[in-house]
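A.B. asks: Structure provided below as structure tokens; questions to follow.
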Amino acid sequence: MSSLPGCMSLAAAPAAADSAEIAELQQAVVEELGISMEELRQYIDEELEKMDCIQQRKKQLAELETWVLQKESEVAYVDRLFDDASREVTNCESLVKDFYSKLGLQYHDSSSEDEASRPTEIIEIPDEDDDVLSIDSGDAGSRTPKDQKLREAMAALRKSAQDVQKFMDAVNKKSSSQDLHKGTLGQVSGELSKDGDLIVSMRILGKKRTKTWHKGTLIAIQTVGLGKKYKVKFDNKGKSLLSGNHIAYDYHPPADKLFVGSRVVAKYKDGNQVWLYAGIVAETPNVKNKLRFLIFFDDGYASYVTQSELYPICRPLKKTWEDIEDSSCRDFIEEYITAYPNRPMVLLKSGQLIKTEWEGTWWKSRVEEVDGSLVRILFLDDKRCEWIYRGSTRLEPMFSMKTSSASAMEKKQGGQLRTRPNMGAVRSKGPVVQYTQDLTGTGIQFKPMEPLQPIAPPAPLPIPPLSPQAADTDLESQLAQSRKQVAKKSTSFRPGSVGSGHSSPTSSTLSENVSAGKLGINQTYRSPLASVTSTPASAAPPVPPVPPGPPTPPGPPAPPGPLAPPAFHGMLERAPAEPSYRAPMEKLFYLPHVCSYTCLSRIRPMRNEQYRGKNPLLVPLLYDFRRMTARRRVNRKMGFHVIYKTPCGLCLRTMQEIERYLFETGCDFLFLEMFCLDPYVLVDRKFQPFKPFYYILDITYGKEDVPLSCVNEIDTTPPPQVAYSKERIPGKGVFINTGPEFLVGCDCKDGCRDKSKCACHQLTIQATACTPGGQVNPNSGYQYKRLEECLPTGVYECNKRCNCDPNMCTNRLVQHGLQVRLQLFKTQNKGWGIRCLDDIAKGSFVCIYAGKILTDDFADKEGLEMGDEYFANLDHIESVENFKEGYESDVPTSSDSSGVDMKDQEDGNSGSEDPEESNDDSSDDNFCKDEDFSTSSVWRSYATRRQTRGQKENELSEMTSKDSRPPDLGPPHVPIPSSVSVGGCNPPSSEETPKNKVASWLSCNSVSEGGFADSDSRSSFKTSEGGDGRAGGGRGEAERASTSGLSFKDEGDNKQPKKEDPENRNKMPVVTEGSQNHGHNPPMKSEGLRRPASKMSVLQSQRVVTSTQSNPDDILTLSSSTESEGESGTSRKPTAGHTSATAVDSDDIQTISSGSDGDDFEDKKNLSGPTKRQVAVKSTRGFALKSTHGIAIKSTNMASVDKGESAPVRKNTRQFYDGEESCYIIDAKLEGNLGRYLNHSCSPNLFVQNVFVDTHDLRFPWVAFFASKRIRAGTELTWDYNYEVGSVEGKELLCCCGAIECRGRLL
């Protein structure tokens, strides 16, 4: 015990030290802030009290305390009742005992079951006379085995009873079905006071004939026929007998009980008015939608609501969309719920211009705000705003995607198109269709479609099984079936797209058993003095075989090649680094002289490969050139400017001066691609990997001119064993004619600088005539050894037949091979990828896609057996033909409002180093931009292209309402969908799907032989009587965009947008509809309540007057004829709502009118659906297909094909090659170059360009990758595979590239 105080003192010492430190710290805080700790605490408490979240939590806490007190009082009240009841029972028992004692009886506690009689088995045999036979089975214990006869009799009686019961059930069922109609007419068989959780006199909501819901009281539950009806007395007078799906609970359901597809009643706010409408839950609360529910109302509107604005439907239907009256909305909801969470939506951001449909017309509009899945669109014509669901086909990108897929389906059914994914996906700068995913799960999540039950949570429906295709023993049928099982990537490019360097996961790379002794084609690469030919097969090292995989025949042994550097498998601090560049300190002075060969005599290299493997942009500095960056002010804006100073002291400020200097001095060791005037491209910025687990200096083993290093910073996994080949290898059945007689050569002596005299340059220039406008671009091709944008018609480089110097020629780039320094690296979750080790300037050549060239049939077969991850289509012919027919438009113009981003057009030099990295807000990165959700009087819509109209249109169409209106189209406030056809076209049946409707609409709008096609072949339509087209030519927005940027621009960003001939663009006649409302707006019945539109009705009434008074450059009326009119060749007369046809002639607004033939539609439905491929293949076209100027519907012969009529078919260019019908495939799975490792990105930094080098055969271009923007060192290089989502049956590939423009899905 004596040592206890010492222990206590030792324990108290640290505490005292801590208290002293705390005191010192408090004293320091007081001295620094000038306030005491108590004042600081008080200040912090006051600030916390002011915070909204604290006040909200306190309010919630107070409510919780109130609720707890209320519950405690209720519990106490129940306890008191229980105690009182117990006391009363005790008193009652005492009274009973007293009574028994008075009677002289003895009272004892017993159970009622103990005194019950033995059970009696009753067998009822109903007959026609309703006689009941009761047989006492007797005591079970008294039965003996001797009673065999009695048992047999009982069994016979039971069997007879069952037979008679079945017979009576059949008779009763037949009689009840005959009397069912009488029961449904009002013969009430009984009234109930309770039905589940529905009790008479409870508060509920009911639906009135006006389609709005109102509060009331349940006064009766009646059994009518086989169902139940609920009689509701509304608070605002009136009674109604409603079904269970037309009443709702008067409480707000918890969030966990609601799912996508739940049937609810929600509040719709229109200004100061609030209405209750029925709808379905389209989104559950999450962070992106500010914890709100997205509701799709039955009449086509969409809106975000909170939980306190929802009421659950009492007895919803099993398929909730069947309760929607409007057919177009019903089809949309069914497709939406079935496909959820795969929701295609247009990716938008504020300020973008886009075409939006309204009343059957495409109007020029602008994105004002993006709120989750909704976007507020401002119509520039009348400044009207409207909220639209981003997945609605009223937005031009969504409509273009639907129509293109429907058109492809028609061609497949008609045998005009081979069953293959559409390699020209709708990709354009600006709005793109994005497939959102529920990334919280691991796979496809199908939402439950069971109706919301108030007692138990809904059970999800099982996934509908896919019907297997019947196996066919015929060889051709098996081959045809195998063709649809391979996926092929597409190389469609969106010019000028800006995105991140991340990529999506590619298919897993596997090690294969590769024969290393395959022969290749010799390729010439650049040498300063002579052309040196290398044979890849001679340097191919033996590849170790891998046990798994199909057996392959042994190849010839490869001769010994150069030994590869050893791989570092251990953990290193960093990869081997090279010394940094140090600029020389001495200054260069210029003395006036004439530059010649002697200016570079002192720096000419003794060895040809002195700086091989260095950054090509750094090589001029290593040869004593100086690269200086200066600042200068242009138009009150400070910009950067790059100047090169030569060894002789001459300053070079432009690429033209650099090119002239190189030719004047005869410089054959420095080339134009080694110079860059972009101030944001740094030539001495190197990327250094950190602590690799695995490192290889060169995986090409010397086959490439520049070493390709490999590093793994994730684990010790080595790269896949692939036979590296930097050139393409013809496969079985493939012959490439590389003879000089199949080439066109030039005789240039000036390095092919004069494009007008170079035959190879002229091939590139003349090929640009295959554009929609047919105009020749004299500036096409390489500009100072760089390609600023994709050239769809291809680039023709100088070849071995040319007499120009291979080293000095400005038209030789791709054939020189890899020049930039790249690295193969292991990504976190995307397999292996390629990144650059130095900055890459915009337009620079990066690499090619090399591999084995296969025929289409062999590629399909091989893709099923070994995989299709590295397939690429050589479809240059098809891409150019489609481009010529007017399907594509890469260039943003003032009329092509879909996809024009006004912010992107303002491109100039700013003071930041990487201006492209500051991305604008979009619907992905900033889903909820504004905190205050606007509930102003603007319309919201989600579904198909709906036509809403104003009071004036109803007045104009009042005279023809009885004749032109289809039956049962709903109340006047419900817009008529475009899928409902009028005026000679039968309305589609209720069984039609949305895809079939679009396909029927396309085929129904085919133009007859008397139709007119514009010079660009963008669309075909009929000439209206007296409708002459006028030339517009207004380019105000394009001019403003071109002058809004900085006056001084970098060379890499100096891109002039192409312009089409305004005369050709505006040679479009105007077509209007006669005796009908324009855009399928038939007058409606006057029944029902019109949804209040406040000031919108006035704007709608002004639409007709405004559209006729608009500028000729603002409106283009385009109307497709129906099949009956297409055959007769007649045109429609102008309607009353549109005056002169010439007053509405433009590209900015296009009117579309849909119609379909019912019989033709049924025939298409009976056809077997098109079989989809199961092979994904990249396409080597360097651009994307998109719908030009709105819808750009191409007239097809599908209508005549369906009717058995003969229609002329234009011969495809590929058929001139011995009748070939399909393109060739490049497969880089077993043999290939670094291009096989390039991953996908929805916002890539590379684009694909077809280049003709060793042959001018249009079937075999080289597939080259160019930088679409400046790329910072260490950035992963990516390109857009352009898969068409849903094109490969049974395959789904999510995209997680991380780009703002990410489309969500690849397949």
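Glycine residues also receive a Cβ, built from the backbone N, Cα and C atoms like all the rest.
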A.B. asks: Quickly, which of S117, S1047, S1154 does Swiss-Prot have down as phosphoserine? Just give the residue.
C.D. replies: S117
A.B. asks: From the list K288, K884, K929, K1211, pick out the residue that Swiss-Prot labels ubiquitin cross-link.
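C.D. replies: The ubiquitin cross-link feature in Swiss-Prot corresponds to K884.
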A.B. asks: Look up S112, S1107, S1121 in Swiss-Prot and give me whichever carries the note phosphoserine.
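C.D. replies: Comparing S112, S1107, S1121 with the record, Swiss-Prot tags S112 as phosphoserine.
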A.B. asks: According to Swiss-Prot, which stretch among 173-193, 404-424 corresponds to the feature region 'Disordered'?
C.D. replies: 404-424
A.B. asks: Between T120, T524, T533, T810, which does Swiss-Prot record as phosphothreonine?
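C.D. replies: Annotated as phosphothreonine in Swiss-Prot: T120.
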A.B. asks: Express the predicted model's confidence over the domain 'Post-SET' (1291-1307) as a mean pLDDT, rounded to an integer.
C.D. replies: 81
A.B. asks: Compared by Cα position, which of the binding-site residues C752, C798, C804 is the closest one to Y870 (S-adenosyl-L-methionine binding site)?
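C.D. replies: Closest by Cα distance to Y870 (S-adenosyl-L-methionine binding site) among the binding-site residues C752, C798, C804: C798.
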A.B. asks: Can you tell me which recorded stretch out of 257-320, 347-403, 611-682, 744-817 has the most Cβ pairs within less than 8 Å of the domain 'Post-SET' (1291-1307)?
C.D. replies: 347-403
A.B. asks: Considering only Cβ pairs under 8 Å, which range in 347-403, 611-682, 744-817 makes the most contacts with the domain 'Tudor 1' (257-320)?
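C.D. replies: By Cβ pairs under 8 Å, 347-403 leads among 347-403, 611-682, 744-817.
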A.B. asks: Looking at the binding-site residues G831, R1236, N1239, which has the shortest Cα distance to C809 (Zn(2+) 3 binding site)?
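C.D. replies: Looking at Cα distances from C809 (Zn(2+) 3 binding site), the smallest one goes to R1236.
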A.B. asks: Looking only at DSSP and grouping its letters into three states, which state does R1236 (S-adenosyl-L-methionine binding site) belong to?
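C.D. replies: DSSP assigns R1236 (S-adenosyl-L-methionine binding site) to helix.
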A.B. asks: Using C-alpha atoms, which one of the binding-site residues W832, R1236, N1239 comes nearest to C752 (Zn(2+) 3 binding site)?
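C.D. replies: Nearest in space to C752 (Zn(2+) 3 binding site), counting only the binding-site residues, is R1236.
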A.B. asks: Please give the greatest C-alpha separation between any two of the S-adenosyl-L-methionine-binding residues K830, G831, W832, D868, Y870, R1236, N1239, H1240, in angstrom, as a whole number.
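C.D. replies: Maximum Cα-Cα distance: 17 Å.
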A.B. asks: Measuring Cα to Cα, how far is C798 (Zn(2+) 3 binding site) from R1236 (S-adenosyl-L-methionine binding site) in Å?
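C.D. replies: Per the Cα atoms, C798 (Zn(2+) 3 binding site) and R1236 (S-adenosyl-L-methionine binding site) stand 26 Å apart.
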A.B. asks: Counting other Cβ atoms within 10 Å of each residue's Cβ, which of the binding-site residues K830, R1236 comes out lowest?
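C.D. replies: With the binding-site residues K830, R1236, fewest surrounding Cβ atoms within 10 Å: K830.
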A.B. asks: Could you name the residues, excluding C752, C798, C804, C809, of the same chain that surround the Zn(2+) 3 site, i.e. Cβ within 8 Å of the Cβ centre of those residues, in sequence order?
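C.D. replies: What remains near the Cβ centre is C746, C748, G751, C758, C760, C802, D805, P806, M808, T810, N811, R812.
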A.B. asks: Between N1239 (S-adenosyl-L-methionine binding site) and C804 (Zn(2+) 3 binding site), how far is it from one CA atom to the other, in Å?
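C.D. replies: So the Cα of C804 (Zn(2+) 3 binding site) lies 37 Å away from that of N1239 (S-adenosyl-L-methionine binding site).
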A.B. asks: Return only the integer: C-alpha distance in Å from G831 (S-adenosyl-L-methionine binding site) to C804 (Zn(2+) 3 binding site).
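C.D. replies: With distance taken Cα to Cα, C804 (Zn(2+) 3 binding site) is 43 Å from G831 (S-adenosyl-L-methionine binding site).
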